[in-house]
Amino acid sequence: MMNSIENEEFIPILLGSDMNVYGMARSFNEAYGKICQAYASDQLAPTRYSKIVNVEVIPGFDKDPVFIETMLRLAKERYSDKSKKYLLIACGDGYAELISQHKQELSEYFICPYIDYSLFERLINKVSFYEVCEEYDLPYPKTLIVREEMLVNGHLEQELPFEFPVALKPANSVEYLSVQFEGRKKAFILETREEFDLILGRIYEAGYKSEMIVQDFIPGDDSNMRVLNAYVDEDHQVRMMCLGHPLLEDPTPASIGNYVVIMPDYNEKIYQTIKAFLEKIEYTGFANFDMKYDPRDGEYKLFEINLRQGRSSFFVTLNGLNLARFVTEDRVFNKPFVETTYGTNQSDKARLWMGVPKKIFLEYARENEDKKLAEQMIKENRYGTTVFYEKDRSIKRWLLMKYMFHNYIPRFKKYFHVKEG
């Protein structure tokens, strides 16, 4: 039974309509029995036909001025009851940035567990993020920053400071969302100089203005990746950290880097390194780090920080660390910090998170000890998904989610290849 502090009336408001939104809505439903309200510019499949999240579609809501005008109107029309608390949670990069930009105005009506925009800008842009990594002695891959003015007739004339293959990705992921060109991917692994010149030229021809990041490709397949989700409270104390070991990624061009199978993991060095960093920069809210093990020097190299919970972060809730509970206890119930809770892989409660059908995992994940352990977890029924939720079942929803999962079969057949380096 809830104690008196948890009887306080609050309403979770989610921004977006993707799997991240559904994972947060499910976390709130599991923890508090809440039905969430979401606002988005489009209705995406993971939240369709749901009984635990109501999505209101507002065209243009993912950009200003529609975003801030709508939020201030909603605040006055629907969220003005002083006896209630309204918790605002972004479930995508663009929405996280919009909340941070308008934090002062929005905080008059909503609880906004986000950092100020000055810090947000430093961390979200990969150029300044790698400068921050230098400052705080965090390992990251060898990097070359490319600016448009460095190109001559659409080509970068200088030699790269490392061998091919290389990784190429935008420094400004929010700006890149609206840039379209032939062969567009979220990020690229390029094998030759010719391929590199072609793609780089197309990106800037398409109107992208910010820097591009060229990096030494760290050898190894998806099983060398790690993902870390953290929650940091209003006083900059890290309340929760949960490390995941991705065993497979989505190979679809628009979704490269999205994890589709994650096993819980534990690494004391990673936990303490990231915890110290978050506290030093006075972070607050959810954070999500992508990193990869480099067998050449034994270090985990940071790729980026997402200033929100990760798209696949329901793996944290699935493993007993309910994401909604951490932010609610901090910001709504004002429960004091006691100690950092760390995710582990040792418990018999450890669960494998799956975003694709089992047959995809069994066919495409690399054969190794981790896969054997994951197969054992599946045999013991110690696995789960974000979108198949027993308290949110209907024929329409079940069929749509089955169709969504089935779609991965032709996608993997068409796009999958092993990343060896």
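Placed from the backbone N, Cα and C atoms, the Cβ positions cover glycine too.
Feature list (source: Swiss-Prot):
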{"type": "BINDING", "residues": "161-224", "note": "ATP binding site"}
{"type": "BINDING", "residues": "Asp290, Glu304", "note": "Mg(2+) 1 binding site"}
{"type": "BINDING", "residues": "Glu304, Asn306", "note": "Mg(2+) 2 binding site"}
{"type": "DOMAIN", "residues": "130-332", "note": "domain 'ATP-grasp'"}
Find, for the listed binding-site residues Lys169, Lys185, Arg193, Lys209, the residue with the lowest Cβ contact count at a 10 Å cut-off, counting only other Cβ atoms.
Lys209
Distance check, please: Cα of Arg193 (ATP binding site) against Cα of Glu304 (Mg(2+) 1 binding site), rounded to an integer number of angstrom.
25
For the domain 'ATP-grasp' (130-332), the mean pLDDT of the predicted model:
94
Round to a whole number and give the Cα-to-Cα distance in Å for the pair Pro161 (ATP binding site) and Asn306 (Mg(2+) 2 binding site).
27
Find, for the listed binding-site residues Gly201, Glu304, the residue with the lowest Cβ contact count at a 10 Å cut-off, counting only other Cβ atoms.
Gly201
Please report how many Å separate the Cα atom of Phe217 (ATP binding site) from that of Glu304 (Mg(2+) 1 binding site), as a whole number.
15
Could you check what DSSP calls Glu304 (Mg(2+) 1 binding site) once collapsed to helix, strand or coil?
strand
Take the Cβ of Leu177 (ATP binding site) and count every other Cβ within 10 Å, whichever protein chain it belongs to.
14
Helix, strand or coil at Arg193 (ATP binding site) [DSSP, three-state]:
helix
Going by Cα-Cα distance, pick out whichever of the binding-site residues Asp290, Glu304, Asn306 is nearest to Gly201 (ATP binding site).
Glu304
Determine, to the nearest whole angstrom, how far the Cα atom of Asn306 (Mg(2+) 2 binding site) is from the Cα atom of Lys169 (ATP binding site).
15
Here are the binding-site residues: Phe217, Asp290. Which has the lowest count of other Cβ atoms within 10 Å?
Asp290
So, three-state DSSP: helix, strand or coil for Lys185 (ATP binding site)?
coil
Cβ neighbours of Pro161 (ATP binding site) where a neighbour is any other Cβ within 10 Å:
10
